[in-house]
Ligand SMILES: C[S@@+](CC[C@H](N)C(=O)[O-])C[C@H]1O[C@@H](n2cnc3c(N)ncnc32)[C@H](O)[C@@H]1O
């Protein structure tokens, strides 16, 4: 069924056969089955796993799509309690799982301490075992699910982050949070939400709900407590289709009587439509998924447009150095918000000019210049604004003198075509094929209103400041001209995202030359971890509200103007760990922020903390603010706190940290970021410093990308 992937982890795999379980589960709409990999070692040949009765019942594709193999508890326990932290039994199980091509092996949680094994030994051996398995499965199609007995407590996060830190957050390992039924009364909803939100940054792929945690409604059907319903809703909204749900344990609910849920695995006959006996639990999860509050977040145009891009790293565009392609422009132009806001901004600027008497003084002529016009959507937006102005001012109508400046000669072909074919362009729009920094126009053509969209995910990273300063220097605009955008500000915030860190590391093995093939020169680890990436961050948690970095305004006094910058942003202790800041599919939510703040108070500054894997960069731009007759303004923003809802032209920028940093509870993180340039390039350098609650420096990164050695933007 679309929208939710649910698997079954039955308490016993009947007769040791996955094949029956998978077929009944699939018949009910479940997607996979979890069951033990190991059979006892063959009595006749102790070096081998036992023969399996289900081996011939499942095809290779059923193994590789429908089965998650459980590593045995006893093997893990023995490994963790051993003196050397290794286990032949686990190696055999993992190897067999890889041989069968199963998509994942699931490890049980860290075993409970015993008299012979103190917690630290168990944890270190568990981490070693996990690390060794992560490496073993790398390159195969089998991943590792690390189960966590989830409790919304500091200890739980600490344990998991310690294991993953020891393994360097391997891309092959993700978390399966097991909710133990029954104990939820001990914790408040606020604690669940804060801790889950934080845990998601460590890479959660699965949530296991035991059937014993379900209550029974009046008709005997399974239901969840109000609190757990809210928890499940939150995870669904935050994680969408990326989360695998697992129903575990016995069939504990029998609406209509015990017989109605009997499953005869031998004949596969069962009560109508409930082949597995777990159908009612599955239906309940779908019922929550279909609630309007969840549907509103997951089933909208923006979410479906973004689906293929979640956590997918892309190289930032360089529209100045490179010529964009037709399709790239076409994608921009689909944005329903950006061009509308630009059109409104041009209209506001025209109204100001009219109030100030500019257009009358110029005989009704308005010079509008779109610099970096691409295929012309901002020209069209400006023409629309002129039409709206004229419709509203029949007595003071204006005549537009529209210039479109574009350096991409391929896009210019399109602009020229529009000048010939589109009625409102013919005789009104002229095209100048030039870099705006070198273009020349006659005095009478200089712009009253200069319109541009040269913004990157981090505002100035596509070199809007250099281009617009250049246009001003080369005399394209009048001394009293206004610029749309008027200003743009970049923002930065720490990000906890094991997933993005893994994706950045994976770039190390990608060839630097797209045409080079498998033997090409690899990108290398240093470059991979010192490059900012454009990415629709999803499996990550922004830990603090974003803070301002660099601001650029246009037009401006160019005497001694310098576009190099340094910003230091300090992120104070925030025990809400980013709850309500809008990660995943969610938008910033003040209500959730308040929930998180309360938890901070409750935790009383315990031993919490959060792992930071990098920084997320965004921008907010004031397109235009009215100077006369009101305070209206138009903005575009991808900063979470001011996000322009519905706009999907930009995804944030991810600045990785070479090594993830642990930010302890009550501690601060200071981010330093530089914007540096030379004759040919502009680049960013970044570093972080961590202080504990007493103000001691307890962590410091190197300065990333010194002298632009790994990444720069061509001027
Ligand atoms: C981000 S695209 C925006 C295109 C279009 N305005 C839109 O909104 O779809 C930036 C455009 O500016 C052009 N551009 C960038 N730097 C330029 C420069 N220095 N002079 C002229 N055009 C430039 C690029 O070729 C590209 O077409």
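Along the chain as shown, residues are numbered 1 onward.
Here the Cβ of each residue, glycine as well, is placed from N, Cα and C on the backbone.
Please treat TrEMBL annotations as automatic predictions, because they have not gone through curation.
Annotation comment: TrEMBL describes 453, 462 as active site, proton donor/acceptor. Taken from TrEMBL, the feature S-adenosyl-L-methionine binding site covers 329, 338, 339, 406, 435, 436. Feature annotation from TrEMBL assigns domain 'PRMT5 TIM barrel' to 204-286. Per TrEMBL, the feature domain 'PRMT5 arginine-N-methyltransferase' maps to 302-474. Among the features that TrEMBL reports, domain 'PRMT5 oligomerisation' is placed at 487-574, 611-712. Under the heading site 'Critical for specifying symmetric addition of methyl groups', TrEMBL lists 332.
Positions of the features from TrEMBL, shown on the structure.
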| residue | record | Cβ neighbours (10 Å) |
| --- | --- | --- |
| 329 | S-adenosyl-L-methionine binding site | 18 |
| 332 | site 'Critical for specifying symmetric addition of methyl groups' | 18 |
| 338 | S-adenosyl-L-methionine binding site | 24 |
| 339 | S-adenosyl-L-methionine binding site | 19 |
| 406 | S-adenosyl-L-methionine binding site | 25 |
| 435 | S-adenosyl-L-methionine binding site | 16 |
| 436 | S-adenosyl-L-methionine binding site | 25 |
| 453 | active site, proton donor/acceptor | 25 |
| 462 | active site, proton donor/acceptor | 23 |
Reduced DSSP assignment, residue 436 (S-adenosyl-L-methionine binding site): coil
Whole-number mean of pLDDT values that fall within the domain 'PRMT5 arginine-N-methyltransferase' (302-474): 96
Separation of alpha carbons, residue 453 (active site, proton donor/acceptor) and residue 462 (active site, proton donor/acceptor) (Å): 10
Secondary-structure category, per DSSP, in which residue 453 (active site, proton donor/acceptor) falls: coil
Three-state secondary structure, which DSSP defines for residue 406 (S-adenosyl-L-methionine binding site): strand
Whole-number Å value for how far residue 338 (S-adenosyl-L-methionine binding site) lies from residue 453 (active site, proton donor/acceptor) (Cα to Cα): 10
Summary of DSSP states over the domain 'PRMT5 oligomerisation' (487-574), given as helix, strand and coil counts: 17 helix, 31 strand, 40 coil
Distance in Å spanning the most remote Cα pair of 329, 338, 339, 406, 435, 436, given for S-adenosyl-L-methionine: 24
